[in-house]
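Per TrEMBL, the features are:
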{"type": "BINDING", "residues": "207, 290, 371", "note": "Fe cation binding site"}
{"type": "DOMAIN", "residues": "43-173", "note": "domain 'VOC'"}
{"type": "DOMAIN", "residues": "204-360", "note": "domain 'VOC'"}
Ligand SMILES: [Fe+2]
């Protein structure tokens with residue numbers, strides 16, 4: 001049995017000053033037998049967004065979310081098609097792309113989907129092994145493995161298709177020490193962090209949820225099982241996550257050590273329109289619904305984010321006053337009034353507890369949003385909060401006229 005926790009961290013994780021112990025705590029890693037892994041994944045590489053205005057979105061992630069700009073590609077260095085800003089917080093890299101050329105395929109993508117995630121890129125030790133496995137399991141290769149080189153070295157890169165128009169780029173950057181990928185130049189933030197604001201508001205990525213069409217959840221669970229050797233972690237169906245109105249079903253797949261976790265949702269039949277249906281309608285199909293970013297101090301992060309104008313879903317006071325909830329969650333690291341003040345949700349399971357909060361949609365369409373999560377032993381997803389969360393989402397859906 002290989003102890004996956006002794007495996008080395010990605011360079012990004014090391015650069016973020018994360019230790020294995022901290023990462024274990026932040027995102028809830030487990031041990032697994034790496035030797036049996038048909039599709040070894042080291043960790044997240046980058047989350048790539050296409051947006052309507054990358055220049056301003058990059059500013060938003062710096063000014064509101066405390067990220068730092070570290071690389072750039074655009075017309076000034078030969079990329080006449082689009083602007084691309086590479087931003088970092090802890091071990092997470094976001095890449096924000098927006099069309100410059102009106103004929104750019106990104107402009108067309110944005111017209112159809114609005115702001116969204118096009119690529120959930122993963123760092124892997126052996127791109128060719130992954131692609132051979134993916135092909136043998138019937139996946140669609142959208143970029144054949146190739147070496148790309150510049151003065152900083154060589155990356156090995158390929159990509160496979162996943163749900164909707166989303167892809168997983170697979171990158172081996174072990175022979176590369178440039179700021180991101182060949183074609184990018186190092187860049188620095190001109191944005192100056194507010195005095196007193198924490199150095200970073202989140203350290204790592206915990207999970208990314210995919211929304212797929214009615215009847216397709218099991219197909220995509222099967223895809224991750226078969227193509228990428230991911231294991232099933234949890235499932236939430238029926239009463240778990242149904243409210244009187246909208247409902248969904250969800251299953252979670254993860255790589256062997258759970259560093260990469262993908263919950264997959266599909267709408268369930270309910271009295272009114274499911275929040276997943278609303279997403280599918282406005283995203284024009286399947287896509288990434290929310291990104292959960294891990295923090296070791298959700299109270300400080302939420303305070304800073306609110307101060308920067310980020311809007312979160314509301315939680316009614318009755319949630320915190322419910323004696324059943326208070327009995328179930330027991331003792332957490334702060335008095336419950338501190339959570340109530342900030343509308344932070346709390347859930348406990350047999351392994352521990354977690355604190356979490358959800359933002360309103362980030363863009364114009366009711367599609368992609370963020371979750372902040374602070375884990376204390378719990379490996380779950382806040383199942384005990386699903387009802388309160390979905391009722392909050394439904395209040396927003398109603399305000400948008402989409403319930
Ligand atoms: Fe989540």
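Glycine is treated like the rest: Cβ placed from N, Cα and C.
The structure displayed is predicted, hence computed values, not measured ones.
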Inset, instruction - Please list, for the domain 'VOC' (43-173), how many residues fall into helix, strand and coil according to DSSP. - result: 32 helix, 63 strand, 36 coil
Inset, instruction - Show, in sequence order, which residues other than 207, 290, 371 on the same chain lie with their Cβ within 8 Å of the centre of the Cβ atoms of the Fe cation site. - result: 206, 208, 209, 263, 289, 291, 292, 293, 358, 370, 373
Inset, instruction - Tell me, roughly as an integer, the mean pLDDT over the domain 'VOC' (43-173). - result: 98
Inset, instruction - Return the residues near residue 290 (Fe cation binding site), defined as same-chain residues 6+ apart in sequence whose C-beta is under 8 angstroms from its C-beta, sorted by sequence, else 'none'. - result: 208, 209, 358, 368, 369, 370, 371
Inset, instruction - Restricting to the same chain and to sequence separations of six or more, state which residues have a Cβ under 8 Å from that of residue 207 (Fe cation binding site). - result: 252, 261, 262, 263, 291, 292, 381
